[in-house]
Amino acid sequence: MIKFFRNIILFFLVSLIVGEIVVRVTHAVSDIPQRRIDKDGIQKYYPNQTGYWLKGTHTWQINELGWPGELPNSYDNLVTIIGDSFIENFMNPSECHQAVLLKQRLNNYNFLEAARSGVSFIEAFEISKRLDSLKPVKNLIYVTNSDFIESIKDIKPLEDITQVDLKAQKVVYGKMKSPGVKKLLYNWKLAYYFYNRFPINFNFWKPKKPKVVAPKKEDTSFKYGLEIQSLLSYVNENYSINDKILVFHPNSNKAIIELCKQQGFQVIHLNSSKDEKSWTFDYDHHWTCYGHEQAANQVKQGLLNTNLK
Amino acid sequence: MLFNSIEFFVFLPIVFILYWFVTAKYLKAQNLLIAVSSYVFYGWWDWRFLSLIAFSSIVDYSIGLLLSKSESKKKRKLLLWISICVNLGFLGFFKYYNFFVQSLVDSFTLLGQPLEISTLKIILPVGISFYTFQTLSYTIDVYNKKLTPTKDFVAFTAFVSFFPQLVAGPIERATNLLPQFYTQRKFNYKLAVNGMRQVLWGLFKKVVIADNCAKYANIIFNNYEDYSGSTLLLGAFFFAFQIYGDFSGYSDIAIGVSRLFGFNLKRNFAFPYFSRDIAEFWRRWHISLSTWFRDYLYIPLGGSRGGTSMKIKNTFIIFLVSGFWHGANWTFIVWGALNAIYFLPLMLTNKNRINTDMVAMHSVLPSVKELSQMAITFFLTLIAWVFFRADSVTHAFLFLKGIFNVSLFSNFQIFPTTIMYLILFFIGIEWMGRRGEYAIDKIDALNKPLRWGFYILIIVLMFSFTGEQQEFIYFQF
């Protein structure tokens, strides 16, 4: 019996080592950059990291400022691009990033991306504030409905996301969620592979409920119209909005866009409805290279329609 | 609980540790643990149906004891019939009630006399066909005085509900399995390692071969109007490997898990796709069911001892019943009839037992003749599988019509290269290991690094190419 267990354990350990090598060599999981919280309370990446995306199709890089993508050659005529995972865009090669695509379309300007998955509307303004030292001529903030809701602590407190406490009228900075577990998972590639491939259902012992067709998810964005209005007022009072342009995701709620316009925000609303080809991946809601190109075309037009001429 | 589920990977080590560390010294405790674990295993799916197994166990246990006390032929026969009626009654109600009602309604409608009998919403208890046949074998063997009835109810309950083979076999004979519950099991390193190895191979067959083939077989069978003959033939090919990987994979896991607990179950598959004729195929496919029907139906009916007409009649009966055992649908009956048609010429010309050993037993590769025989046999089974997989007989005929036309020679519309490589790898390993009880049975002849390297390769393939989790096909039978 002891021999049996000894061999089982030994085999298990050898399998773990071989599995780790296989996962690393084949890039069976994407490399994930390590994050930190800087002195201003902003979650960003450790500078100068590089890694492979799934199956090694392309690499990503974190620049010396701690943001994904390449830095512009010059900060003259700078336009910053701030957003969440759509702008972070690890799933596409560098030539499909908004900064590169917009530079191709508006050569007189330089573009700098500052993005991280999970960035809320308020955090985007916080990031923008930290980039003011670079004296950008414009700041593009890519947003969607959830970014507004997630910004408001009064609706739903989220520890890992930077939010505004509207009652206290103050920004509450997000904390890193399970940093130890994340560090372990991102470095132990085999474990991360299993975590992604075979998600554990912690309710497996509960009887399965019969499948029912879920009713169409309610668009809760406008349900919180008053809170969103208060959020916009807070931003209006505490941040400069004249140099900001909100770039709304195609599926954004029109009521929110109207509220933003009423508060004096400049807005570009992306539209993919006339496009026969999908902007997104089949297996993921993020934009493909094609989607990014179309978005860049519309943003360029939007910028030209504003005072960026 | 599925063998390829997280639940089972938690359940199995717990039972294993309790079995060998807590109950190892006490036979009764070992058996009780197996019985309780088996009820948990089955109840995980639907605890309400545990009452069926419990009732079957009580009835057959009692009848066994009564048979041992009675010498009256009449009374013994009556007791046997009670057991048959109770067991087949449950099976008939849960599995065949709706089929018979619907067939009756259809027949009367055809005659212009529509009947108004509605079918019932009946849930088919998982594995009912398997444990029913297992308990029946006990009563019949006791009746025939081939087996002394047990007085140990716990051992009998553990025998009926033994979790590794409870829901999809192999259908164990009481004469083989029950006596194993009478002696205390001692941990046997070689047996346990062999069991682990067989579990690994069974899992590979299920999660890599069967589940991946299932995806394409389902697409092609469900949309057969859209595909060329060549693609439809490929669909049947995928189904052939799906059902083989699925069912023989389950059997391998069942046998392997049993070995971990010190039990030896009977072999259920012996490389059926390497058969050179249909008779050989049926000696290698679902052996526990084929031999059950042979011993408890075919031989009592007179077997092949009578004249030609009796041989034909008995062959048809056994194949039709075998088909019907698989499911309450005309497709299974046609599948059985087709196999009977394949089999009859061999039997009538006394050629049904010419291929009794393994093909190319003493050579690495088969001869051209053997290869062509295997190809023809495989093709015949492929055609029969179309009926097995189709939703209805009409669906099967339309599918076959789709295969046999000029488009059979056109390019495949679907050709998943990776899956084809995996199937080739699988066939290669099965071929190399065909002299063993299962494909990687003899791998212990290799040195440890090579052996472990192979196991790890299988594990890597399993994790890299795991198909979407599917229930084992034979659960529904």
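In case you wondered, yes, glycine gets a Cβ from its N, Cα and C as well.
Remember, TrEMBL labels are computer predictions, not curated facts.
Same-chain neighbours of the transmembrane segment (B:7-27): 1, 33-34, 37, 40-41, 44, 182-187, 257, 260-261, counting only residues six or more beyond its ends whose CB sits under 8 Å from a CB of the stretch. What TrEMBL lists as transmembrane segment is B:7-27 (among others).
Feature annotation from TrEMBL assigns transmembrane segment to B:47-66 (among others).
Feature annotation from TrEMBL assigns transmembrane segment to B:78-97 (among others).
Long-range contacts of the transmembrane segment (B:117-133) within its own chain (CB-CB distance under 8 A, at least 6 residues past either end) are made by residues 42, 45-46, 49, 52-53, 56, 87-88, 90-91, 93-95, 97-98, 101-102, 104-105, 160-161, 165-169, 171, 289, 292, 325, 475-477. Per TrEMBL, transmembrane segment is recorded for B:117-133 (among others).
Positions annotated as transmembrane segment by TrEMBL: B:371-388 (among others).
Beyond the ends of the transmembrane segment (B:408-429), by six or more residues, the same chain brings 204-205, 208-209, 212-213, 216, 219-220, 226-231, 233-234, 238, 241, 245, 273, 439-440, 461, 465 to within a C-beta distance below 8 angstroms of the stretch. Annotated transmembrane segment per TrEMBL: B:408-429 (among others), in sequence order.
Summarising the annotation, TrEMBL assigns transmembrane segment to B:450-467 (among others).
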Non-local residues, at least 6 beyond the ends, that sit with Cβ under 8 Å of the transmembrane segment (B:371-388): 233, 236-237, 239-240, 243, 272-278, 280-281, 326, 331-332, 334-335, 338-339, 342, 359, 396, 399-400, 403
Long-range Cβ neighbours of the transmembrane segment (B:47-66) (under 8 Å; 6 or more residues past either end): 39, 79-80, 82-83, 86-87, 90, 123, 125-126, 128, 131-132, 135-136, 138-139, 142, 149-151, 153, 156-157, 160-161
